[in-house]
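Novice: Heads up, here are the entries from Swiss-Prot:
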type: COMPBIAS; residues: 13-38; note: compositional bias 'Low complexity'
type: COMPBIAS; residues: 39-49; note: compositional bias 'Basic and acidic residues'
type: DOMAIN; residues: 634-702; note: domain 'KH 2'
type: DOMAIN; residues: 712-771; note: domain 'KH 3'
type: DOMAIN; residues: 861-929; note: domain 'KH 5'
type: DOMAIN; residues: 939-1001; note: domain 'KH 6'
type: MOD_RES; residues: Thr50; note: phosphothreonine
type: MOD_RES; residues: Ser54; note: phosphoserine
type: MOD_RES; residues: Ser63; note: phosphoserine
type: MOD_RES; residues: Ser85; note: phosphoserine
type: MOD_RES; residues: Ser87; note: phosphoserine
type: MOD_RES; residues: Ser89; note: phosphoserine
type: MOD_RES; residues: Ser630; note: phosphoserine
type: MOD_RES; residues: Ser1112; note: phosphoserine
Amino acid sequence: MSEEQTAIDSPPSTVEGSVETVTTIDSPSTTASTIAATAEEHPQLEKKPTPLPSLKDLPSLGSNAAFANVKVSWGPNMKPAVSNSPSPSPSAPSLTTGLGAKRMRSKNIQEAFTLDLQSQLSITKPELSRIVQSVKKNHDVSVESTLSKNARTFLVSGVAANVHEAKRELVKKLTKPINAVIEVPSKCKASIIGSGGRTIREISDAYEVKINVSKEVNENSYDEDMDDTTSNVSLFGDFESVNLAKAKILAIVKEETKNATIKLVVEDEKYLPYIDVSEFASDEGDEEVKVQFYKKSGDIVILGPREKAKATKTSIQDYLKKLASNLDEEKVKIPSKFQFLIDAEELKEKYNVIVTFPSTPDDELVSFVGLRDKVGEAITYARSSSKSYVVESLDISKAHSKNLTHAKNLIMYFTKYSVLKGLEESHPNVKISLPSIQSLPTAETVTIHISAKSDEANDIKAVRKELISFVNNIPPSETLVITDLDYELFGGSIKHCLLASESSVAFVQFGDYYPNDNSILLVALTEDEDFKPSIEEIQASLNKANESLNSLRTKQNNMETKTYEFSEEVQDSLFKPSSATWKLIMEDISEQEGHLQIKLHTPEENQLTVRGDEKAAKAANKIFESILNSPSSKSKMTVNIPANSVARLIGNKGSNLQQIREKFACQIDIPNEENNNASKDKTVEVTLTGLEYNLTHAKKYLAAEAKKWADIITKELIVPVKFHGSLIGPHGTYRNRLQEKYNVFINFPRDNEIVTIRGPSRGVNKAHEELKALLDFEMENGHKMVINVPAEHVPRIIGKNGDNINDIRAEYGVEMDFLQKSTDPKAQETGEVELEITGSRQNIKDAAKRVESIVAEASDFVTEVLKIDHKYHKSIVGSGGHILREIISKAGGEEIRNKSVDIPNADSENKDITVQGPQKFVKKVVEEINKIVKDAENSVTKTIDIPAERKGALIGPGGIVRRQLESEFNINLFVPNKDDPSGKITITGAPENVEKAEKKILNEIIRENFDREVDVPASIYEYVSERGAFIQKLRMDLSVNVRFGNTSKKANKLARAPIEIPLEKVCGSTEGENAEKTKFTIEEVGAPTSSEEGDITMRLTYEPIDLSSILSDGEEKEVTKDTSNDSAKKEEALDTAVKLIKERIAKAPSATYAGYVWGADTRRFNMIVGPGGSNIKKIREAADVIINVPRKSDKVNDVVYIRGTKAGVEKAGEMVLKSLRR
């Protein structure tokens, strides 16, 4: 040969010990020009070729120092797995040619491999020669071979692809086929086979290898890390093709199992509160390992790349072992009555120690679990803290004549309804511990424990007192115990009936706590009523609740009862809850939707009692009679199923058959497969052996299942791969919904467009329709458009918390995704970000327009900063910000979302006012601000003197008057606080505006605007005003309003002063023969007086109601007013009002008597008032008295108070009594 051979560094591969291969390539140091030049210098080398090239056959290429000696890398005596590639010396000169040609790498390679004689087919030398010549011709390669004692070595030269194919053909034709078996995870079998067997066919056809994937699972092959078993895949063919196919299959397995989900279960619950797995989750981008801990179930789930997940599992197991060694549990014996003193929450927070109290009343061992050094500290702290408590016991079984049963009932009532919760909340420092309901049946006393810290012992007495009151207020007569309804039959129905009356009668079903207890406790609720009902009323409410259960009693009385003879052994075997027969019986009875009770070993050990309503009892009797008539467990029954359904009936390794056997507790015999081969299209007779009742159900089940199996079909739908994700849905939502809805299996292949749907024909067709409709929708709405948006405006498109982009998505029904971040190099370079919009064509266009409008709006966004002196800021903002709001409104800011006017706080040194928004808006706002500043620069400030008591009128309710003045006259009005009497009121603004504002303030707002003024001594004001009724009379009769100036507060206080009523004297008797309905009492009390000094100023103003604007027929008419007539009416009304006030003042000294009318029925007091107050007005005018009818909410609400002269009081009293008697 004329080219130097260099061996590759990697060792040759060996397959089944029969082939050894060495692959060589042309040296890169040898060029075509070098070889040509050398050939001219040494022509003799071409004339004497040697069959086996060696180093001496190669031409000399420059200095000999450039290369080391190289052994022959092939031939009969070659030794495999040794690489002899020479490396040039560092001092070697580079090889050059006189032509200066560029060096080139040859595409040719050489590959040597060895075949053991044992693995070769027995062929003659001519046959071998014929095969070699055929390979050389078919693949355009050079093939040479040598034979040694135990092997034959081949050297194949040529283009790389051709060499590999030539080698495959040589190995295939010269060697015996082999059978290789590899184990693969069972979950990977579907991927290896592919949709419709497509993947496995491709591998088999490509490498001409027969591949068989076993349906069975290898025994003892479960791997808990993979959560899977393994199955065998066998490959038959020549060893080279088998290895290539094996590599392809293992690549699929590697891809399918690259990620793992590993579950660790923490068996011991006491470790759960202390486990923290956050440190085990790695953060390596796509290679992240996620660890989740489910505290309730105790499961630790690890998700991530398989090897990393396994390593994480090992780390967590080590962590759990270390945690287990550090945790300790100590049990301390603590009497039950003191266990409640241990604050488990406090110990958990302070020492991280979990306290578990015993579940049974007899158990006094309390468990403390935590870190070894903390458990002892926690127990010590619990002991010391409990010593600081004082505990008192209250034995409520001593109440109500030592009625122990009633005391137990009260505890059940208190527990269910948390009756004592309000008491605990009102005394937060006191703990109340009720005995557990489980301990009540055997308890000889019922003791409630009350505890508190020593320094709060007084609270215990208060709580004890209230507890005694609670117990005493619920005597046995206010409860009722019902025992005639069966809880097992009607427990749910009883609860439903009693819930309707729970607001008045509480109830406790003992069956909720104790098995086979039919007792129901009813408790009458009387706490919410003002007066406790009589015992008759309480009994009536209890009986009403009891009677609501009569419909259930009727059902119970109408129930049929029947007893069957079954031996004790048969009942324990056939009818125990876990038996297959019992489950079938319960299924049959539940279909009847009735009430049924089955009691085993009742009334005798060898008897069974059935009780229920007609429908359910009839079904149960039929079942038990059939079992009695055919009690043998050796009964036989046959069922015919299609032959093609037998495999499904049996299932994988008989799993389905075993499940059916267990479900119906019967033996199922299927004829051998050999007997069925000739009748694949016919049915197979399956024999069932067992209890006849079970066999009837099994036969029905098998017939239905066989029909379902025979109806299984597969349908295909072509779905472009890009739509797979949309049809599968997030986390498989859509696919899972269809699979569950139609009981089908839907397979989406990874790299294929054909989606398969398999299952019952009806379900497959329905699922196919829905999937096709969804695909059509996705294809219609799957159009995409990419638009470029400026990176600086991306936040504006997204909006706060994504509001803007979510609104666009919802409005136009599109998906929007930014393909880059604003910080990406490409985005920073171009200044734009790509936004992808997915949806229908029209919706995409509309959404794109919306985005463009946002970008345009953002582009129009400007910022302008004004430097304004602080003294003008208040003028710009205005009182309550009303001026600033007006500025924004005038500039059109109400319809603009992205705008702002930022004015510094009063205490800030910053003078900058920042205006942001569209150019037009900013321009208008700036103009308005500059205008205000200009006006403020030309403004004047004027001080006005206003009495301190009138400052409030200038401000108005909530500052409304001041704001109106500032807005109306464009001024700034300063009113000092009430606490600053020396403060001056100032008006700042344009001179003409200040003058107008001052005029309005002085002439309209603070002017004392009244017509007459009368001073009434405060001591008799209550009588003069008739507690406000006289003021109302002036307003209604004379159109005269009364105001009180600075004495308003005092006047209101006197008019509403509480009335002192001597209840002992005036109240009548309500009991016995002397019971009264009304009582009238009169006494002399002296002239009206009050401790208040000074006068009450009554300022009278004539304010008639103007009815001129109320026109008839909806037409406006001019009404000519007679000014002189109105003035005369005004004077007359004012004179009359003043006269009436003075008369009341003159009569006050003679109003020395008070009258009290008591009424047993306060509901009749409205008869005194009359419609619209007409009757009471009539009494006041006729008797000239003060009369006060109490409200229901008054402290004393059953006495009418009268004040006046003796004659007036007597007359008024008679009129009141007359009104009550009507």
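In case you wondered, yes, glycine gets a Cβ from its N, Cα and C as well.
Just so it is clear, the model here is predicted, and its values are computed rather than measured.
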Novice: Taking only the residues in the domain 'KH 6' (939-1001), give me the average pLDDT of this model.
Specialist: 80
Novice: Over the span of the domain 'KH 3' (712-771), count residues by DSSP class, listing helix, strand and coil in order.
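Specialist: So the domain 'KH 3' (712-771) is made up of 32 helix, 17 strand, 11 coil.
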Novice: What is the total of other Cβ atoms whose distance to the Cβ of Ser630 (phosphoserine) is within 10 Å?
Specialist: 14
Novice: Counting each residue once, how many in the domain 'KH 5' (861-929) are helix, strand and coil under DSSP?
Specialist: 34 helix, 17 strand, 18 coil
Novice: For the domain 'KH 6' (939-1001), how many residues does DSSP put in helix, in strand and in coil?
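Specialist: Summed by class, the stretch gives 32 helix, 13 strand, 18 coil.
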Novice: Helix, strand or coil: which one is Ser630 (phosphoserine) in, per DSSP?
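Specialist: Once the DSSP labels are grouped into three classes, Ser630 (phosphoserine) ends up as coil.
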